[in-house]
Amino acid sequence: MAKTSLPLAASFLLLLISSAAAADTGRLFLTVVNHCPFTVWPAIQPNAGHPVLEKGGFALPTNTHRSFPAPTAHWSGRIWGRTGCSHYNGRFSCVTGGCGDRLECNGLGGATPASLAQFDLHHGGHQDLSSYGVSLVDGFNVPMTVTPHEGRGVCPVVGCREDLLRTCPAHLQLRSGHGGHVVACKSGCEAFRTDELCCRNHYNSAQTCRASTHSLFFKHACPSTMTFAHDSPSLMHDCSSPRELKVIFCH
């Protein structure tokens, strides 16, 4: 008996290790990749009631990535890139997308204009759907795409690969300092603050909130993005059980 029990115990232990490894590889991971020729400072904001991931922000040098497990339960929120960030006199600040004076946003939102990746993970019951999309509703500051891996169903790559800073109309341009270079492209709402362009009050419905010449600038360049508040909901894609969702800057 003693001679056979040892192999059995070893086999059982190996089975436990294999099961644990399989369970871990079955988790959904979020990966942020920076292909820009400059450092990007990704920021992550959960929707109300959901946990903060990776303390809400970090630095990501050019041609590097950072991968981390998504919550195993339902989670929703957004990821965006901050640009031109620096520490000066003990203060951390960013030219675009900043969340106050913090490297780690810890649940705070970011300054507009900024390109946003939006997520709604682990919903849909037994289908385990992960929804994702890229929004330019709040303007644009850096090219961004979302790429799913190993999901089932319709799981396209979406986002905005174009550098809209080069083509942004003058009336939407955000420049650094006084007359500096273009650092972001504003939405029509941010540029003009009208109820109609911001889809507020009377215009806050699918019937009254419409595309404008400003949102169409973004749409023509990046058709797979949402460009105004009541843009097509079909632009948020439901992917079943992906293993990884990659947010890629300057893809």
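Every residue, even glycine, has its Cβ placed from backbone N, Cα and C.
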Report summary line: Candidates Cys85, Cys222, Cys239; TrEMBL says the disulfide mate of Cys155 is Cys239
Query raised in the report: Cys185 forms a disulfide with which residue in TrEMBL, given the options Cys168, Cys199, Cys209?
Result: Cys168
Requested in this report: Would you mind checking which of Cys85, Cys105 shares a disulfide with Cys94 in TrEMBL?
Outcome: Cys85
Report task. Quick one: which of Cys99, Cys160 does TrEMBL link to Cys105 by a disulfide? Result -> Cys99
Query - Tertiary neighbours of Cys105 (disulfide bond) (same chain, Cβ under 8 Å, six or more apart) - result: Ala43, Ile44, Gln45, Val52, Lys55, Gly56, Gly57, Cys99
Query raised in the report: Using C-alpha atoms, which one of the disulfide-bonded residues Cys94, Cys189, Cys222, Cys250 comes nearest to Cys168 (disulfide bond)?
Result: Cys222
Report summary line: CB neighbours within 10 A of Cys155 (disulfide bond), counting all protein chains shown, number 21
